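The domain 'Photolyase/cryptochrome alpha/beta' annotation in TrEMBL covers 4-134. The annotation FAD binding site is assigned in TrEMBL to TYR227, TYR267, GLU270, LEU271, VAL272, TRP273, ARG274, ASP275, PHE276, TYR277. Annotated site 'Electron transfer via tryptophanyl radical' per TrEMBL: TRP301, TRP354, TRP377, in sequence order.
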Amino acid sequence: MKARPTIFWHRRDLRFPDNAGLYRALKAGGPVLPIFIFDQEILRKLEDPRDARVTFIHRSVTELAEAYRSMGSDLRVYYGKPLEVWAGIVKDLQPRAVYTNRDYEPYARERDGAVEALLEKAGATFHHYKDHLIFEGKEVQKNDGGPYTVYTPFWNKWRERLKSRMSTFEGKEISYYLKPYPNEKYAKNLLPVAKPGKIISLQEMGFEPARTDFPPTEVSRKLIQHYDETRDFPGTEGTSRLGVHFRHGTISIREKARRAQGLNETYLKELVWRDFYSNILQHFPYVVEGPFREEYAAIPWENNEDHFAAWCAGRTGVPLVDAGMRQLNATGYMHNRVRMIVASYLTKHLLINWQWGEHYFAKKLLDFELASNNGGWQWAASCGTDAQPYFRIFNYESQQKKFDPDFTYVKAWVPEFGTPEYPSEPLVEHKFGRERALEVYKKALAEAKRG
Ligand SMILES: Cc1cc2nc3c(=O)[nH]c(=O)nc-3n(C[C@H](O)[C@H](O)[C@H](O)COP(=O)(O)OP(=O)(O)OC[C@H]3O[C@@H](n4cnc5c(N)ncnc54)[C@H](O)[C@@H]3O)c2cc1C
């Protein structure tokens with residue numbers, strides 16, 4: 001009788017090297033068969049057949065399969081509803097154990113719970129590991145045991161924890177938590193596969209190939225060294241553009257954090273925002289549905305649909321907002337400073353529910369990550385953890401002067417800027433918008449407090 005295989009299930013970790021769960025599966029002995037499932041439950045909700053994220057995932061899965069083939073194995077690729085796919089796998093392969101890396105989103109947790117139950121019934125064990133983050137769940141907590149809801153103390157404790165257990169790598173002392181998993185050492189435990197399987201095409205799943213000029217996985221040392229000086233200027237190439245790779249695990253967070261250490265603390269701190277927002281989602285999953293500070297649910301949004309359409313299309317008459325939205329629509333990317341400005345304009349000046357903006361970003365961002373997007377939006381609307389106070393409202397004109405003084409970014413995305421074709425007045429002007437937002441927020445919060 002053939003040995004029952006161990007299965008490794010790739011999800012948001014589309015790489016072989018330095019992969020925590022895969023390492024554990026290989027080290028346990030094997031033979032290990034790696035798999036990936038194109039999840040119909042997720043794909044059917046995507047409206048755009050040219051969604052670049054599906055192209056990105058398809059390309060990454062194809063590259064991963066090639067990597068396995070070069071090691072004499074293969075990545076088996078399925079397409080379907082995860083539970084049904086797993087019922088088929090259990091029947092066909094009778095796995096002994098299934099290994100994977102943790103995904104903290106509510107949908108994923110529910111799915112994994114159901115898969116675990118199904119496997120248990122079939123006599124297979126389910127093992128999951130931390131790989132997507134440096135610290136998860138209860139690893140960075142307040143002294144009294146509760147979760148942090150403010151970033152700076154989270155970061156301080158995070159750093160303390162990082163240093164609390166040291167190890168060595170390539171002759172240097174490094175944090176145990178950043179040590180890479182040497183998967184290559186156990187590649188011999190992969191299931192040998194003589195004939196590579198077929199990978200379903202984008203078209204067979206109802207999609208079309210989209211643009212493929214995805215950012216590289218490597219960033220120059222110089223960029224990271226100068227990150228704190230360049231990161232706020234959208235007209236320059238001053239950030240790493242690694243978001244999409246962190247999202248899908250085509251790079252290892254440990255590797256990038258290790259490199260950032262010693263080079264630029266500001267960059268490391270940005271990576272830690274990812275951990276922070278994921279921790280918020282893990283501890284307060286209700287943020288997916290509504291504000292972290294529940295009293296903010298009382299804000300009577302204007303929700304003017306024409307204003308929303310103008311914001312989406314980059315036709316608000318505020319140059320930075322329009323440039324940002326057009327960059328997003330054209331490339332699936334928007335610079336972080338500009339994300340903050342467009343989100344502030346939508347929620348404060350236009351008084352449109354932050355969730356409308358959140359959903360629009362979720363549809364468009366190549367680096368869309370539920371926890372970070374939700375956190376970013378709640379921050380801008382002042383209803384989240386560690387959010388800016390509601391009375392601090394971005395002045396888009398001073399932001400322009402400070403961060404894009406020569407209009408380099410604006411001109412790159414709004415070619416008609418400075419011509420009579422560009423609106424002479426913004427949809428909602430700063431002074432009026434600011435005062436209205438202050439009044440509406442103040443009143444709603446006071447009423448919510450009175451109950
Ligand atoms: C309204 C709003 C929505 C956002 N939505 C997302 C999202 O869906 N996905 C996403 O990854 N980030 C999101 N961010 C955070 C941030 O804008 C992006 O991570 C960043 O712009 C990605 O570009 P980069 O890779 O060049 O970042 P860099 O500046 O090079 O930073 C490196 C990495 O650090 C992490 N990071 C940096 N800033 C943040 C932050 N504030 N919160 C969480 N992680 C951070 C990201 O993984 C990023 O790739 C959002 C911010 C705002 C204000």
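The backbone N, Cα and C atoms fix where each Cβ goes, glycine too.
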Minimum Cα separation from GLU270 (FAD binding site), reported as the residue among recorded sites TRP301, TRP354, TRP377 that achieves it: TRP377
Recorded positions near TRP354 (site 'Electron transfer via tryptophanyl radical') (Cα-Cα within 10 Å), from TYR227, VAL272, ARG274, PHE276, TRP377: TRP377
Contacting recorded positions for ligand 1, chosen from TYR227, VAL272, PHE276, TRP301, TRP354 when the Cβ sits under 6 angstroms of any of its atoms: none
Site of maximum Cβ density within 10 Å, from recorded positions TYR227, VAL272, ARG274, TRP377: TRP377
Mapped DSSP class for GLU270 (FAD binding site), helix or strand or coil: helix
Per DSSP, three-state class assigned to TRP354 (site 'Electron transfer via tryptophanyl radical'): helix
Residue pair TRP301 (site 'Electron transfer via tryptophanyl radical'), TYR227 (FAD binding site) - Cα distance, angstrom, rounded: 37
Residues satisfying Cβ distance under 8 Å from PHE276 (FAD binding site), sequence separation of at least 6: TYR148, TYR151, PHE154, TRP155, GLY375
Fewest other Cβ within 10 angstroms of its own Cβ, chosen from the recorded sites TRP301, TRP354: TRP301
Rounded Cα separation (Å) that holds between ARG274 (FAD binding site) and TRP377 (site 'Electron transfer via tryptophanyl radical'): 14
Average model confidence [pLDDT] within the domain 'Photolyase/cryptochrome alpha/beta' (4-134): 97
DSSP-derived helix, strand and coil totals, residue by residue, for the domain 'Photolyase/cryptochrome alpha/beta' (4-134): 59 helix, 28 strand, 44 coil
